[in-house]
Amino acid sequence: MFRTLLKSKIHRAAVTHCELNYEGSCAIDEDLLDAANLGENEQIHIWNINNGERFITYAIRAERGSRIISVNGSAARRAAVGDLVIIAAFAQVEEKEVAGFSPKLVFVNPDNRIKEERSTIPVQMAD
């Protein structure tokens, strides 16, 4: 049996471009792709913090060091430049490998520079 687990996450990235007439996808700075262990053409989920939109597309490379997050094609109607988004990908993991599996979590500052990388999410505590 397999479980679907979070594999990669880029947290609170700022959308830098929205290109409606570009072939559909999301262009992501290659530095961020590498840090989050995301591959070109890999399916990604995008969750827009500003408006609550959630959609699925695929990752393409943006110039390394550019800090670009470009939402393209029809998905460009679901984001605006400056919106904060969470970009995530999932993996099918065999049950026997679940205990040793950990995601690549990348946290960025407002200009999409990496500020922290982790492999765990803290337990949410009650108030």
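Glycine is treated like the rest: Cβ placed from N, Cα and C.
What Swiss-Prot says about this protein:
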- Ser25: active site, schiff-base intermediate with substrate (ACT_SITE)
- Ser25: pyruvic acid (Ser) (MOD_RES)
- Thr57, Gly73, Ser74, Ala75: substrate binding site (BINDING)
- Tyr58: active site, proton donor (ACT_SITE)
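Positions of Swiss-Prot features highlighted on the structure.
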residue : record                                               : DSSP class
Ser25   : active site, schiff-base intermediate with substrate : strand
Thr57   : substrate binding site                               : strand
Gly73   : substrate binding site                               : helix
Proximal residue to the residue listed as 'active site, proton donor' among recorded positions Ser25, Gly73, Ser74, Ala75 (C-alpha distance): Ser25
Cα separation, Ser74 (substrate binding site) to Ser25 (active site, schiff-base intermediate with substrate) (Å, whole number): 9
Residues satisfying Cβ distance under 8 Å from Ala75 (substrate binding site), sequence separation of at least 6: Gly24, Cys26, Ile46, Phe55, Thr57
Least surrounded among the recorded positions, given as Ser25, Thr57, Ser74, when other CB atoms within 10 Å are counted: Ser74
